[in-house]
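Over in Swiss-Prot, the protein carries these features:
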- 368-385: compositional bias 'Pro residues' (COMPBIAS)
- CYS126-CYS139: disulfide bond (DISULFID)
- CYS133-CYS149: disulfide bond (DISULFID)
- CYS297-CYS309: disulfide bond (DISULFID)
- CYS303-CYS319: disulfide bond (DISULFID)
- CYS310-CYS327: disulfide bond (DISULFID)
- CYS320-CYS334: disulfide bond (DISULFID)
- CYS328-CYS341: disulfide bond (DISULFID)
- CYS335-CYS348: disulfide bond (DISULFID)
- CYS392-CYS404: disulfide bond (DISULFID)
- CYS398-CYS414: disulfide bond (DISULFID)
- ASN197: N-linked glycosylation site (CARBOHYD)
- 359-386: region 'Disordered' (REGION)
- 1-17: signal peptide (SIGNAL)
Amino acid sequence: MWTLVGWTILVAGLVAGIRCPDDQVCPVACCPDSGGASYSCCDPGVDLRTTALSGYLGRPCQSPANCPIGHSCVLTAAGTAACCPFSQAMACGDGHHCCPYGFHCSTDGGTCIQRPDIHLLGAVQCPGGEFECPDSSTCCHMLDGSWGCCPMPQASCCEDRVHCCPHGASCDLVHIRCVTALGSHPLTTKLPAQRTNYTGAEGTPVVSPGLLPAALPTSVICPDSRSQCPDDTTCCLLASGEYGCCPMPNAICCSDHLHCCPQDTVCDLRQSRCLSQNKAKTLLTKLPSWTVWDVECDQEVSCPEGQTCCRLQSGKWGCCPFPKAVCCEDHVHCCPEGFRCHTEKDTCEQGLLQVPWAQKTPAQPSRPSQPSPPGPPGPPSPPGPLRSEISCDEVVSCAPGNICCRLASGEWGCCPSSEGYLCMAGERCQVGDRLAPEKMAAHLMSLSQTTDVGCDQHASCPVGQTCCPKLGGGWACCQLPHAVCCEDGQHCCPAGYTCNVKARSCEKAADGAHLAAPLAVGSTGGVMDVACGDRHFCHDEQTCCRDSRGGWACCPFHQGVCCKDQRHCCPAGFHCESQGTRCVHKKSLLHWDSLPRPAAPRPRL
């Protein structure tokens, strides 16, 4: 315990400062170092507290499901919500930082401050005195009867004992919303309260393991294993083939792939109602889901979003349950970002703050055809190798359980990734301090193509390319395997596509179920669901299209695409082929500008 020196001098000389016994001057107080032989300047109002670095607020959110694993969705002083890199946290007044539960923000928001007994000055005491919540929060009962913390002052506790709403708002548990006179917004989920005076061994302040960023978010993983919905919602398949979120648990997904109904009700699409034995309710509209993007460790294994890839003692990849984590030297444990591993105490340390470290779990094989993170859409890739092969480029690949590495010659080689080997310069692979034998040579994707592709007795193209006849005679090499040569003699398309010379694109035709549909005559008599104009109507789930006579016609697809010939239409997500008789999926379109141009062939020896 530090002893403060010169309090009487402090009162009399705030401007001049404090002169310590060793003649140095301190602005507030002098504190003797261990042993008492020397002194250091200190501030008793700050130095007797545990401090930790605050976190930066991230992207906007509506619920914890919008944030990476281990993050929380906190309400800011501006009334908005943002992701904080702590599982339970509060936003700082500066609007840019946040602190973990059990801490206060410093004035500038850059530091999180905690008293040694973890009993916060200004913390909200729950009835009974056994539990407390952070300042500017509200105590609410949880499902198990214990106390939880709503991260808003004077909040309204919802009857389900799971959610809460801001002061003055009412809970709409049917639609999972907080309703005010100005509008509505999603319900907030309560957090468990913390026991008062919680301390670790020898009085060392710690953070409860339940409050670590390793805590899983409250979310529902959809059947495709890559989309997720907020807690207390239901995944429903949309017409696009992706998953949407119905805003209630155990909901009924309607057959139109657009609406949903509460549990124990039936969808009545004709009347747009949810029917039950007692009463009918209006159909609910589904909301988009959020996609979970895996963290790739290498070409074969990955970790869930919000986790970090770390090497295990076996050399294989493991997953640390923190984002941007610190991998400990024992290859078994890991710590949150900003902490260091203390192997003797089995803890993670940041200044005076200590938290238990986490144990890594083995990484999982990457899911096939995993989508890329959001970004500008590029052209679909040409057909690749079988999923069991590890593709190095369009021509060569490695066997399963390997990674592609460049040899000294510039050619491809293979290292055994299943044993944790990494690529090294030259002819070797390495894992830790252990070298592997020489790299194995990669093999061609098609083992039968061991020589150039012969166009005729005079010309040939490299392996993995296709011979195409030129318009003026002779041959050109299409830089795609098994390609389709276009009739203009200048372009080519990947296998499975057809050439649309007029549109300068490669198109993949839809199956028979997506042939363009002829337009039907609209009705002028009865009152139907979709109004076209000029007193013309189409049935519900149909689309109004102009016909060739300038009048209205009905497309049998919901949100259909009207073809330019004014006689046909296509489903949503497709576009009409130039002649209007077929529908082409938008994702099955390759513009010629995005494809390699045919090159000159090689003379045969």
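Numbers here mean position along the shown chain, with the first residue as 1.
Keep in mind that glycine also has a Cβ here, set from the backbone N, Cα and C atoms.
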### Query
Looking at the disulfide-bonded residues CYS126, CYS149, CYS328, CYS341, CYS404, which ones sit with their CA no more than 10 Å from the CA of CYS303 (disulfide bond)?
none
### Message
Measuring Cα to Cα, how far is CYS126 (disulfide bond) from CYS133 (disulfide bond) in Å?
### Response
7
### Task
Could you state the whole-number distance in Å separating the C-alpha atoms of CYS319 (disulfide bond) and CYS309 (disulfide bond)?
5
### Inter-residue C-alpha distance, CYS149 (disulfide bond) and CYS335 (disulfide bond) (nearest angstrom)
26
### Query
What subset of the disulfide-bonded residues CYS133, CYS139, CYS310, CYS320, CYS328, CYS334 lies within 10 angstroms of CYS414 (disulfide bond) at the C-alpha level?
none
### Query
CYS310 (disulfide bond) to CYS335 (disulfide bond): how many Å between their Cα atoms?
11
### Query
Listed disulfide-bonded residues are CYS139, CYS328, CYS348; which of them have CA atoms within 10 A of the CA of CYS133 (disulfide bond)?
CYS139
### Task
Have a look around CYS319 (disulfide bond) and count the other CB atoms within 10 A of its CB, chains all included.
23
### Summary
Candidates CYS139, CYS297, CYS320, CYS348 (disulfide-bonded residues) passing the 10 Å Cα cutoff around CYS327 (disulfide bond) are CYS320
#### Entry: Nearest recorded site to CYS348 (disulfide bond) by CA-CA distance, among disulfide-bonded residues CYS139, CYS297, CYS320, CYS334, CYS341
CYS341
### Query
Where the distance is taken from Cα to Cα, which of the disulfide-bonded residues CYS309, CYS328, CYS335, CYS404 turns out closest to CYS139 (disulfide bond)?
CYS335
### Message
Tell me which of the disulfide-bonded residues CYS139, CYS149, CYS310, CYS335 sits in the most Cβ-dense spot, judged by other Cβ atoms within 10 Å.
### Response
CYS149
